[in-house]
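Below you'll find the structure, written out as C-alpha coordinates, and then a few comments.
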Ligand code: NAP
Ligand code: HSE
(Lines of atoms letter the chains of each structure in order from A and count residues from 1; the text may use other names and numbers.)
(Lines give C-alpha, C1' and ligand atoms only; values in the text may rest on other atoms or scores of the structure.)
(Ligands and ions follow the chains in the order given, each with its own letter.)
Protein backbone atom coordinates (compact mmCIF):
# COMPACT_ATOMS: atom_id res chain seq x y z
CA UNK A 1 0.00 0.00 0.00
CA UNK A 2 1.47 3.37 -1.01
CA UNK A 3 0.95 6.16 1.52
CA UNK A 4 0.36 9.73 0.31
CA UNK A 5 0.80 12.16 3.17
CA UNK A 6 -0.90 15.55 2.95
CA UNK A 7 -0.02 18.79 4.67
CA UNK A 8 -2.97 21.21 4.98
CA UNK A 9 -2.46 24.96 5.25
CA UNK A 10 -5.76 26.21 6.67
CA UNK A 11 -8.52 24.31 8.42
CA UNK A 12 -11.48 26.67 8.02
CA UNK A 13 -14.48 26.29 5.70
CA UNK A 14 -12.65 24.61 2.81
CA UNK A 15 -9.95 22.90 4.90
CA UNK A 16 -12.62 21.43 7.19
CA UNK A 17 -14.66 20.35 4.14
CA UNK A 18 -11.62 18.65 2.64
CA UNK A 19 -10.89 16.74 5.86
CA UNK A 20 -14.56 15.73 6.05
CA UNK A 21 -14.50 14.27 2.53
CA UNK A 22 -11.22 12.49 3.17
CA UNK A 23 -12.74 11.00 6.33
CA UNK A 24 -16.23 10.10 5.08
CA UNK A 25 -15.49 9.06 1.50
CA UNK A 26 -11.97 7.70 1.89
CA UNK A 27 -12.70 4.10 0.87
CA UNK A 28 -14.41 5.25 -2.38
CA UNK A 29 -11.51 7.63 -3.10
CA UNK A 30 -8.95 4.90 -2.47
CA UNK A 31 -10.96 2.59 -4.73
CA UNK A 32 -10.67 5.23 -7.47
CA UNK A 33 -6.92 5.14 -6.90
CA UNK A 34 -6.77 1.41 -7.56
CA UNK A 35 -7.03 0.17 -3.97
CA UNK A 36 -3.30 0.34 -3.31
CA UNK A 37 -2.89 3.99 -2.28
CA UNK A 38 -3.94 5.42 1.05
CA UNK A 39 -4.24 9.15 1.82
CA UNK A 40 -3.55 10.62 5.21
CA UNK A 41 -3.51 14.20 6.51
CA UNK A 42 -0.40 14.32 8.68
CA UNK A 43 0.15 18.03 9.37
CA UNK A 44 -2.25 21.02 9.54
CA UNK A 45 -1.48 24.71 9.96
CA UNK A 46 -3.99 27.17 11.43
CA UNK A 47 -3.78 30.62 12.94
CA UNK A 48 -5.53 29.90 16.23
CA UNK A 49 -4.67 26.55 17.78
CA UNK A 50 -7.42 26.91 20.39
CA UNK A 51 -10.33 27.33 17.97
CA UNK A 52 -12.89 24.50 17.88
CA UNK A 53 -12.81 22.67 14.53
CA UNK A 54 -15.62 21.18 12.46
CA UNK A 55 -13.66 17.94 12.17
CA UNK A 56 -11.85 16.37 15.08
CA UNK A 57 -8.17 15.69 14.48
CA UNK A 58 -5.26 14.72 16.70
CA UNK A 59 -3.98 17.97 18.24
CA UNK A 60 -0.42 16.73 17.75
CA UNK A 61 -0.64 17.28 13.98
CA UNK A 62 -1.73 20.92 14.34
CA UNK A 63 0.65 23.88 14.18
CA UNK A 64 0.39 27.64 13.87
CA UNK A 65 3.53 27.71 11.72
CA UNK A 66 2.52 27.07 8.06
CA UNK A 67 6.15 26.91 6.93
CA UNK A 68 6.70 23.94 9.26
CA UNK A 69 4.14 22.04 7.20
CA UNK A 70 5.72 22.79 3.82
CA UNK A 71 9.18 22.02 5.23
CA UNK A 72 8.05 18.76 6.84
CA UNK A 73 9.99 16.07 4.91
CA UNK A 74 7.19 13.54 5.52
CA UNK A 75 4.59 15.70 3.71
CA UNK A 76 4.24 14.54 0.08
CA UNK A 77 1.71 17.12 -1.10
CA UNK A 78 0.67 20.54 0.20
CA UNK A 79 -2.96 21.65 0.15
CA UNK A 80 -3.16 25.43 0.57
CA UNK A 81 -6.53 26.58 1.93
CA UNK A 82 -5.49 29.63 3.96
CA UNK A 83 -6.13 32.37 1.44
CA UNK A 84 -4.22 35.61 0.98
CA UNK A 85 -1.35 36.43 -1.33
CA UNK A 86 1.65 36.92 0.94
CA UNK A 87 2.19 34.05 3.40
CA UNK A 88 0.30 31.66 1.11
CA UNK A 89 2.65 32.63 -1.75
CA UNK A 90 5.76 32.09 0.38
CA UNK A 91 4.42 28.70 1.52
CA UNK A 92 3.59 27.54 -2.00
CA UNK A 93 6.97 28.69 -3.32
CA UNK A 94 8.71 26.85 -0.48
CA UNK A 95 6.65 23.70 -1.11
CA UNK A 96 7.60 23.82 -4.79
CA UNK A 97 11.27 24.41 -3.95
CA UNK A 98 10.99 21.34 -1.70
CA UNK A 99 9.74 19.30 -4.68
CA UNK A 100 6.13 19.03 -3.47
CA UNK A 101 3.10 19.52 -5.70
CA UNK A 102 0.42 21.87 -4.45
CA UNK A 103 -3.37 21.93 -4.51
CA UNK A 104 -4.92 25.33 -3.82
CA UNK A 105 -8.35 27.01 -3.84
CA UNK A 106 -6.72 30.43 -3.74
CA UNK A 107 -7.94 32.33 -6.83
CA UNK A 108 -6.43 35.62 -5.65
CA UNK A 109 -3.00 34.03 -5.53
CA UNK A 110 -3.34 32.25 -8.89
CA UNK A 111 -4.77 35.33 -10.63
CA UNK A 112 -2.19 37.74 -9.22
CA UNK A 113 0.94 35.56 -9.00
CA UNK A 114 0.11 32.47 -11.07
CA UNK A 115 2.48 33.37 -13.94
CA UNK A 116 5.53 33.21 -11.66
CA UNK A 117 4.26 30.25 -9.62
CA UNK A 118 3.61 28.10 -12.70
CA UNK A 119 7.06 29.04 -14.01
CA UNK A 120 8.66 27.93 -10.75
CA UNK A 121 6.62 24.70 -10.66
CA UNK A 122 7.68 23.90 -14.24
CA UNK A 123 11.34 24.43 -13.32
CA UNK A 124 11.02 22.08 -10.33
CA UNK A 125 8.93 19.48 -12.18
CA UNK A 126 5.93 19.67 -9.83
CA UNK A 127 2.28 20.69 -10.33
CA UNK A 128 -0.09 23.31 -9.00
CA UNK A 129 -3.73 22.22 -9.19
CA UNK A 130 -6.48 24.80 -8.59
CA UNK A 131 -9.88 23.46 -9.73
CA UNK A 132 -11.50 24.82 -6.54
CA UNK A 133 -10.34 28.36 -7.35
CA UNK A 134 -13.11 28.96 -9.92
CA UNK A 135 -16.84 28.33 -9.48
CA UNK A 136 -16.56 26.12 -6.38
CA UNK A 137 -17.81 22.61 -7.12
CA UNK A 138 -18.13 23.03 -10.90
CA UNK A 139 -15.21 21.30 -12.67
CA UNK A 140 -14.89 24.20 -15.09
CA UNK A 141 -11.08 24.22 -15.24
CA UNK A 142 -11.08 20.61 -16.37
CA UNK A 143 -13.91 21.22 -18.84
CA UNK A 144 -12.11 24.18 -20.42
CA UNK A 145 -8.59 22.76 -20.36
CA UNK A 146 -9.43 19.19 -21.40
CA UNK A 147 -13.04 18.65 -22.47
CA UNK A 148 -13.12 21.60 -24.90
CA UNK A 149 -9.49 21.35 -26.05
CA UNK A 150 -10.57 20.74 -29.66
CA UNK A 151 -12.04 24.24 -29.93
CA UNK A 152 -10.94 27.80 -30.29
CA UNK A 153 -12.84 29.41 -27.43
CA UNK A 154 -14.75 32.50 -28.57
CA UNK A 155 -16.13 33.65 -25.25
CA UNK A 156 -16.71 32.68 -21.64
CA UNK A 157 -19.46 34.29 -19.56
CA UNK A 158 -20.93 33.41 -16.24
CA UNK A 159 -21.98 33.93 -12.68
CA UNK A 160 -18.76 33.18 -10.82
CA UNK A 161 -19.27 34.59 -7.35
CA UNK A 162 -21.63 32.64 -5.10
CA UNK A 163 -21.91 35.32 -2.43
CA UNK A 164 -22.87 38.00 -4.96
CA UNK A 165 -25.47 35.78 -6.60
CA UNK A 166 -26.85 34.79 -3.20
CA UNK A 167 -27.19 38.48 -2.27
CA UNK A 168 -28.87 39.45 -5.58
CA UNK A 169 -31.29 36.52 -5.23
CA UNK A 170 -32.18 37.31 -1.61
CA UNK A 171 -32.58 41.02 -2.42
CA UNK A 172 -35.61 40.11 -4.54
CA UNK A 173 -37.47 39.18 -1.37
CA UNK A 174 -39.52 42.01 0.16
CA UNK A 175 -37.72 43.80 2.99
CA UNK A 176 -34.36 42.11 2.40
CA UNK A 177 -31.44 44.07 3.80
CA UNK A 178 -28.06 44.01 1.99
CA UNK A 179 -25.97 43.92 5.19
CA UNK A 180 -28.07 41.14 6.76
CA UNK A 181 -28.00 39.02 3.62
CA UNK A 182 -24.22 39.42 3.38
CA UNK A 183 -23.91 38.37 7.03
CA UNK A 184 -25.87 35.19 6.28
CA UNK A 185 -23.61 34.46 3.29
CA UNK A 186 -20.62 34.80 5.63
CA UNK A 187 -22.21 32.46 8.17
CA UNK A 188 -22.82 29.91 5.43
CA UNK A 189 -19.10 29.96 4.58
CA UNK A 190 -19.59 31.53 1.11
CA UNK A 191 -17.83 34.86 1.53
CA UNK A 192 -14.15 35.73 1.34
CA UNK A 193 -12.29 36.66 4.54
CA UNK A 194 -12.71 40.26 3.33
CA UNK A 195 -16.23 40.29 1.82
CA UNK A 196 -15.55 43.45 -0.19
CA UNK A 197 -13.78 41.01 -2.55
CA UNK A 198 -17.21 39.48 -3.19
CA UNK A 199 -19.40 42.58 -3.32
CA UNK A 200 -16.98 44.78 -5.26
CA UNK A 201 -16.33 42.13 -7.92
CA UNK A 202 -12.65 41.50 -7.09
CA UNK A 203 -13.21 37.79 -6.44
CA UNK A 204 -15.09 37.43 -9.74
CA UNK A 205 -12.28 39.32 -11.49
CA UNK A 206 -9.73 36.87 -10.04
CA UNK A 207 -11.77 33.98 -11.39
CA UNK A 208 -12.34 35.61 -14.78
CA UNK A 209 -8.58 36.17 -15.06
CA UNK A 210 -8.04 32.43 -14.62
CA UNK A 211 -10.84 31.42 -16.99
CA UNK A 212 -9.61 33.79 -19.71
CA UNK A 213 -6.06 32.52 -19.40
CA UNK A 214 -7.14 28.90 -19.88
CA UNK A 215 -9.76 29.69 -22.52
CA UNK A 216 -7.56 31.83 -24.76
CA UNK A 217 -4.06 30.65 -23.84
CA UNK A 218 -2.96 34.05 -22.54
CA UNK A 219 -1.00 35.06 -19.43
CA UNK A 220 -2.91 35.75 -16.23
CA UNK A 221 -3.71 39.49 -16.39
CA UNK A 222 -5.81 40.39 -13.36
CA UNK A 223 -4.90 44.08 -13.58
CA UNK A 224 -6.51 44.30 -17.04
CA UNK A 225 -9.95 43.12 -15.93
CA UNK A 226 -12.57 45.89 -15.85
CA UNK A 227 -14.27 45.38 -12.47
CA UNK A 228 -17.59 46.64 -11.10
CA UNK A 229 -19.32 45.07 -8.09
CA UNK A 230 -22.92 44.84 -6.90
CA UNK A 231 -22.71 47.21 -3.94
CA UNK A 232 -24.54 50.00 -5.80
CA UNK A 233 -27.47 47.81 -6.91
CA UNK A 234 -30.66 48.61 -4.97
CA UNK A 235 -33.80 46.55 -4.39
CA UNK A 236 -35.54 49.12 -6.60
CA UNK A 237 -33.20 48.37 -9.54
CA UNK A 238 -33.95 44.68 -9.11
CA UNK A 239 -37.70 45.41 -9.09
CA UNK A 240 -37.55 47.64 -12.20
CA UNK A 241 -35.47 45.06 -14.05
CA UNK A 242 -38.01 42.41 -13.07
CA UNK A 243 -40.88 44.49 -14.45
CA UNK A 244 -39.03 44.90 -17.74
CA UNK A 245 -38.45 41.13 -18.04
CA UNK A 246 -34.87 40.94 -16.76
CA UNK A 247 -32.87 39.62 -13.83
CA UNK A 248 -29.84 41.54 -12.62
CA UNK A 249 -26.88 39.15 -12.54
CA UNK A 250 -23.25 39.83 -11.74
CA UNK A 251 -21.40 38.43 -14.74
CA UNK A 252 -17.81 37.82 -15.66
CA UNK A 253 -17.36 38.05 -19.43
CA UNK A 254 -14.26 37.24 -21.47
CA UNK A 255 -14.48 37.78 -25.23
CA UNK A 256 -12.15 37.14 -28.11
CA UNK A 257 -12.32 40.34 -30.19
CA UNK A 258 -10.71 41.12 -33.55
CA UNK A 259 -7.73 42.90 -32.09
CA UNK A 260 -7.44 41.41 -28.61
CA UNK A 261 -9.53 40.22 -25.70
CA UNK A 262 -12.06 41.96 -23.52
CA UNK A 263 -12.20 41.00 -19.84
CA UNK A 264 -14.93 42.49 -17.68
CA UNK A 265 -16.93 41.89 -14.54
CA UNK A 266 -20.08 43.92 -13.87
CA UNK A 267 -23.80 43.72 -13.03
CA UNK A 268 -25.79 42.93 -16.17
CA UNK A 269 -29.50 42.86 -17.05
CA UNK A 270 -30.09 39.35 -18.37
CA UNK A 271 -33.43 38.55 -20.12
CA UNK A 272 -35.45 36.15 -17.95
CA UNK A 273 -35.75 33.72 -20.86
CA UNK A 274 -31.97 33.10 -20.77
CA UNK A 275 -30.78 30.16 -18.65
CA UNK A 276 -28.24 32.28 -16.77
CA UNK A 277 -31.11 34.42 -15.45
CA UNK A 278 -32.48 31.37 -13.63
CA UNK A 279 -29.26 30.65 -11.72
CA UNK A 280 -30.07 31.63 -8.16
CA UNK A 281 -28.64 31.66 -4.65
CA UNK A 282 -25.11 30.35 -4.23
CA UNK A 283 -25.29 28.52 -7.56
CA UNK A 284 -22.82 29.49 -10.28
CA UNK A 285 -23.01 28.85 -14.01
CA UNK A 286 -20.36 29.30 -16.66
CA UNK A 287 -21.11 29.41 -20.38
CA UNK A 288 -18.30 28.63 -22.79
CA UNK A 289 -18.64 29.11 -26.53
CA UNK A 290 -16.23 27.07 -28.64
CA UNK A 291 -15.97 27.46 -32.41
CA UNK A 292 -16.98 23.84 -33.06
CA UNK A 293 -19.05 22.83 -30.05
CA UNK A 294 -21.05 26.10 -29.87
CA UNK A 295 -22.41 27.34 -26.55
CA UNK A 296 -22.07 25.00 -23.55
CA UNK A 297 -23.05 25.60 -19.94
CA UNK A 298 -21.77 24.33 -16.58
CA UNK A 299 -23.85 24.77 -13.43
CA UNK A 300 -23.38 23.99 -9.75
CA UNK A 301 -22.73 25.35 -6.28
CA UNK A 302 -20.13 28.10 -6.44
CA UNK A 303 -19.06 28.29 -2.80
CA UNK A 304 -19.28 26.56 0.57
CA UNK A 305 -17.42 23.78 2.33
CA UNK A 306 -18.69 20.64 0.55
CA UNK A 307 -18.70 21.87 -3.07
CA UNK A 308 -15.31 23.58 -2.82
CA UNK A 309 -13.71 20.67 -1.01
CA UNK A 310 -15.14 18.34 -3.67
CA UNK A 311 -12.97 20.18 -6.22
CA UNK A 312 -9.96 20.20 -3.87
CA UNK A 313 -10.17 16.43 -3.39
CA UNK A 314 -10.56 15.85 -7.14
CA UNK A 315 -7.27 17.72 -7.60
CA UNK A 316 -5.60 15.64 -4.88
CA UNK A 317 -6.73 12.48 -6.68
CA UNK A 318 -5.49 13.82 -10.04
CA UNK A 319 -2.06 14.64 -8.64
CA UNK A 320 -1.74 11.29 -6.90
CA UNK A 321 -2.64 9.54 -10.15
CA UNK A 322 -0.09 11.61 -12.06
CA UNK A 323 2.72 11.23 -9.53
CA UNK A 324 2.22 7.89 -7.85
CA UNK A 325 0.41 5.64 -10.31
CA UNK A 326 1.91 3.73 -13.24
CA UNK A 327 1.20 5.35 -16.62
CA UNK A 328 -1.58 2.88 -17.51
CA UNK A 329 -3.55 3.60 -14.32
CA UNK A 330 -3.33 7.41 -14.40
CA UNK A 331 -6.82 7.95 -15.68
CA UNK A 332 -8.52 4.54 -15.77
CA UNK A 333 -10.89 4.22 -18.74
CA UNK A 334 -13.87 3.73 -16.43
CA UNK A 335 -12.67 6.09 -13.69
CA UNK A 336 -11.88 3.16 -11.37
CA UNK A 337 -9.19 0.52 -11.93
CA UNK A 338 -10.79 -2.59 -13.45
CA UNK A 339 -10.11 -4.62 -10.29
CA UNK A 340 -12.05 -2.02 -8.27
CA UNK A 341 -15.35 -2.19 -10.19
CA UNK A 342 -18.30 -3.08 -7.96
CA UNK A 343 -20.57 -6.00 -8.73
CA UNK A 344 -23.72 -4.39 -7.27
CA UNK A 345 -26.77 -5.04 -9.48
CA UNK A 346 -28.46 -2.43 -11.67
CA UNK A 347 -32.01 -2.29 -10.35
CA UNK A 348 -35.02 -2.98 -12.60
CA UNK A 349 -37.29 -0.01 -13.32
CA UNK A 350 -39.95 -1.52 -11.01
CA UNK A 351 -37.61 -0.80 -8.07
CA UNK A 352 -37.19 2.94 -8.68
CA UNK A 353 -38.85 5.56 -6.50
CA UNK A 354 -40.54 8.52 -8.11
CA UNK A 355 -43.56 10.76 -7.92
CA UNK A 356 -46.11 10.09 -10.68
CA UNK A 357 -48.61 12.02 -12.74
CA UNK A 358 -51.69 9.85 -13.28
CA UNK A 359 -54.49 10.87 -15.64
CA UNK A 360 -57.69 8.89 -16.02
CA UNK A 361 -61.31 9.20 -17.08
CA UNK A 362 -63.57 8.44 -14.11
CA UNK A 363 -67.36 8.23 -13.90
CA UNK A 364 -68.63 11.59 -12.69
CA UNK A 365 -70.50 9.95 -9.75
CA UNK A 366 -70.48 10.45 -5.99
CA UNK A 367 -67.90 8.33 -4.17
CA UNK A 368 -65.68 7.67 -7.18
CA UNK A 369 -62.84 9.90 -6.00
CA UNK A 370 -63.00 8.28 -2.54
CA UNK A 371 -62.77 4.83 -4.15
CA UNK A 372 -59.85 5.99 -6.29
CA UNK A 373 -57.88 7.44 -3.38
CA UNK A 374 -58.62 4.37 -1.20
CA UNK A 375 -57.21 2.12 -3.93
CA UNK A 376 -54.08 4.26 -4.15
CA UNK A 377 -53.71 4.19 -0.36
CA UNK A 378 -53.93 0.36 -0.39
CA UNK A 379 -50.79 0.48 -2.55
CA UNK A 380 -49.00 2.92 -0.18
CA UNK A 381 -49.60 5.90 -2.49
CA UNK A 382 -50.55 9.34 -1.17
CA UNK A 383 -52.09 12.04 -3.31
CA UNK A 384 -50.02 15.26 -3.32
CA UNK A 385 -52.25 17.08 -5.79
CA UNK A 386 -55.60 16.30 -7.41
CA UNK A 387 -57.29 18.12 -10.28
CA UNK A 388 -60.68 17.25 -11.76
CA UNK A 389 -62.57 18.71 -14.72
CA UNK A 390 -65.33 17.58 -17.09
CA UNK A 391 -64.03 15.19 -19.72
CA UNK A 392 -63.88 16.62 -23.25
CA UNK A 393 -64.41 13.07 -24.61
CA UNK A 394 -67.39 11.71 -22.65
CA UNK A 395 -70.04 13.84 -20.91
CA UNK A 396 -70.52 11.12 -18.22
CA UNK A 397 -66.85 11.19 -17.28
CA UNK A 398 -64.54 13.54 -15.43
CA UNK A 399 -60.86 13.81 -16.27
CA UNK A 400 -58.92 13.27 -13.04
CA UNK A 401 -55.27 14.20 -12.75
CA UNK A 402 -53.26 13.15 -9.71
CA UNK A 403 -49.69 13.83 -8.63
CA UNK A 404 -48.53 11.20 -6.14
CA UNK A 405 -45.89 11.28 -3.45
CA UNK A 406 -42.57 9.44 -3.97
CA UNK A 407 -43.46 5.76 -4.31
CA UNK A 408 -42.05 2.57 -5.69
CA UNK A 409 -42.85 2.03 -9.37
CA UNK A 410 -44.11 -1.52 -8.76
CA UNK A 411 -46.71 -0.13 -6.30
CA UNK A 412 -47.92 2.37 -8.91
CA UNK A 413 -48.11 -0.36 -11.58
CA UNK A 414 -50.18 -2.56 -9.29
CA UNK A 415 -52.45 0.35 -8.34
CA UNK A 416 -52.98 1.19 -12.02
CA UNK A 417 -53.92 -2.41 -12.77
CA UNK A 418 -56.49 -2.38 -9.96
CA UNK A 419 -57.86 1.01 -11.02
CA UNK A 420 -58.17 0.06 -14.68
CA UNK A 421 -60.23 -2.98 -13.65
CA UNK A 422 -62.73 -0.79 -11.77
CA UNK A 423 -66.14 0.02 -13.34
CA UNK A 424 -65.71 3.66 -12.34
CA UNK A 425 -62.60 4.08 -14.51
CA UNK A 426 -62.93 4.30 -18.29
CA UNK A 427 -60.03 3.15 -20.45
CA UNK A 428 -56.33 3.20 -19.70
CA UNK A 429 -54.60 5.36 -17.14
CA UNK A 430 -51.84 7.67 -18.38
CA UNK A 431 -48.73 7.52 -16.15
CA UNK A 432 -45.77 9.91 -16.40
CA UNK A 433 -42.90 10.00 -13.89
CA UNK A 434 -42.43 13.39 -12.20
CA UNK A 435 -38.76 14.34 -12.03
CA UNK A 436 -37.75 17.13 -9.66
CA UNK A 437 -34.01 16.30 -9.77
CA UNK A 438 -33.21 18.61 -6.88
P1 LIG B 1 -11.46 30.35 6.21
O2 LIG B 1 -12.68 29.63 6.61
O3 LIG B 1 -11.26 31.74 6.73
O4 LIG B 1 -10.20 29.46 6.59
C5 LIG B 1 -8.90 29.92 6.49
C6 LIG B 1 -8.02 29.00 7.28
O7 LIG B 1 -6.67 29.39 7.15
C8 LIG B 1 -8.32 29.01 8.78
O9 LIG B 1 -8.22 27.71 9.31
C10 LIG B 1 -7.22 29.90 9.37
O11 LIG B 1 -6.88 29.55 10.69
C12 LIG B 1 -6.08 29.57 8.43
N13 LIG B 1 -5.15 30.70 8.36
C14 LIG B 1 -5.37 31.92 7.87
N15 LIG B 1 -4.27 32.68 7.99
C16 LIG B 1 -3.34 31.91 8.58
C17 LIG B 1 -2.01 32.13 9.00
N18 LIG B 1 -1.42 33.30 8.85
N19 LIG B 1 -1.35 31.11 9.58
C20 LIG B 1 -1.94 29.90 9.76
N21 LIG B 1 -3.21 29.64 9.38
C22 LIG B 1 -3.89 30.63 8.81
O23 LIG B 1 -11.36 30.48 4.63
P24 LIG B 1 -12.01 29.51 3.54
O25 LIG B 1 -13.36 30.01 3.20
O26 LIG B 1 -11.83 28.10 3.93
O27 LIG B 1 -11.10 29.87 2.26
C28 LIG B 1 -9.82 29.34 2.12
C29 LIG B 1 -9.34 29.58 0.68
O30 LIG B 1 -10.24 28.95 -0.22
C31 LIG B 1 -9.30 31.04 0.25
O32 LIG B 1 -8.23 31.21 -0.65
C33 LIG B 1 -10.62 31.23 -0.48
O34 LIG B 1 -10.58 32.28 -1.42
C35 LIG B 1 -10.74 29.91 -1.15
N36 LIG B 1 -12.10 29.49 -1.51
C37 LIG B 1 -13.09 29.53 -0.60
C38 LIG B 1 -14.36 29.09 -0.95
C39 LIG B 1 -15.50 29.11 0.01
O40 LIG B 1 -16.63 28.81 -0.41
N41 LIG B 1 -15.29 29.42 1.27
C42 LIG B 1 -14.60 28.62 -2.25
C43 LIG B 1 -13.53 28.60 -3.16
C44 LIG B 1 -12.29 29.02 -2.78
P45 LIG B 1 -7.93 29.77 11.89
O46 LIG B 1 -9.03 28.81 11.61
O47 LIG B 1 -7.17 29.43 13.11
O48 LIG B 1 -8.36 31.20 11.79
N1 HSE C 1 -16.35 33.96 -1.93
C2 HSE C 1 -16.42 33.11 -3.05
C3 HSE C 1 -17.81 33.16 -3.64
C4 HSE C 1 -16.09 31.70 -2.67
O5 HSE C 1 -18.72 33.60 -2.95
O6 HSE C 1 -17.99 32.78 -4.79
C7 HSE C 1 -16.02 30.75 -3.85
O8 HSE C 1 -14.94 31.05 -4.67
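Keep in mind that glycine also has a Cβ here, set from the backbone N, Cα and C atoms.
What TrEMBL says about a protein is an automatic prediction, not a curated fact.
Under the DSSP three-state reduction, residue 16 (NADP(+) binding site) is assigned to helix. A simple way to gauge crowding: the CB of residue 16 (NADP(+) binding site) has 19 other CB atoms within 10 angstroms, across all the protein chains here. Look at TrEMBL and you will find 9, 10, 11, 12, 13, 14, 15, 16 tagged as NADP(+) binding site.
Residues or ranges marked as NADPH binding site by TrEMBL: 107. In the three-state DSSP assignment, the secondary structure recorded for residue 107 (NADPH binding site) is helix. With a 10 A radius on its CB, residue 107 (NADPH binding site) counts 28 other CB atoms from all the protein chains.
In the three-state DSSP reading, residue 192 (L-homoserine binding site) counts as coil. Taking a C-beta cut-off of under 8 angstroms and a sequence separation of 6 or more, residue 192 (L-homoserine binding site) has the following same-chain neighbours: 83, 163, 198, 203. Taken from TrEMBL, the feature L-homoserine binding site applies to 192.
The feature active site, proton donor is assigned by TrEMBL to 207. Counting only same-chain residues six or more apart in sequence, the Cβ atoms lying under 8 angstroms from the Cβ of residue 207 (active site, proton donor) belong to 107, 111, 133, 134, 135, 160, 161, 252.
Within the model, the domain 'ACT' (357-438) shows a mean pLDDT value of 94, rounded to a whole number. Look at TrEMBL and you will find 357-438 tagged as domain 'ACT'.
Sequence-distant contacts of residue 12 (NADP(+) binding site), defined by Cβ-Cβ distance under 8 angstroms and a gap of at least six in the same chain, are 46, 81.
Residue density at residue 10 (NADP(+) binding site): 25 other Cβ atoms are found within 10 A of its Cβ, drawing on all protein chains shown. DSSP assigns residue 11 (NADP(+) binding site) to coil in the three-state reduction, outside any helix or strand. Non-local contacts of residue 15 (NADP(+) binding site) by the CB criterion (under 8 A, 6+ apart in sequence, same chain) comprise 8, 9, 44, 79, 81.
Under DSSP, residue 207 (active site, proton donor) is assigned to a helix (H, G or I) in the three-state scheme. Report note: the NADP(+) site is defined by 9, 10, 11, 12, 13, 14, 15, 16, and the residues of the same chain whose CB lies within 8 Å of the CB centroid of those residues, excluding them, are 8, 17, 18, 46, 81, 82.
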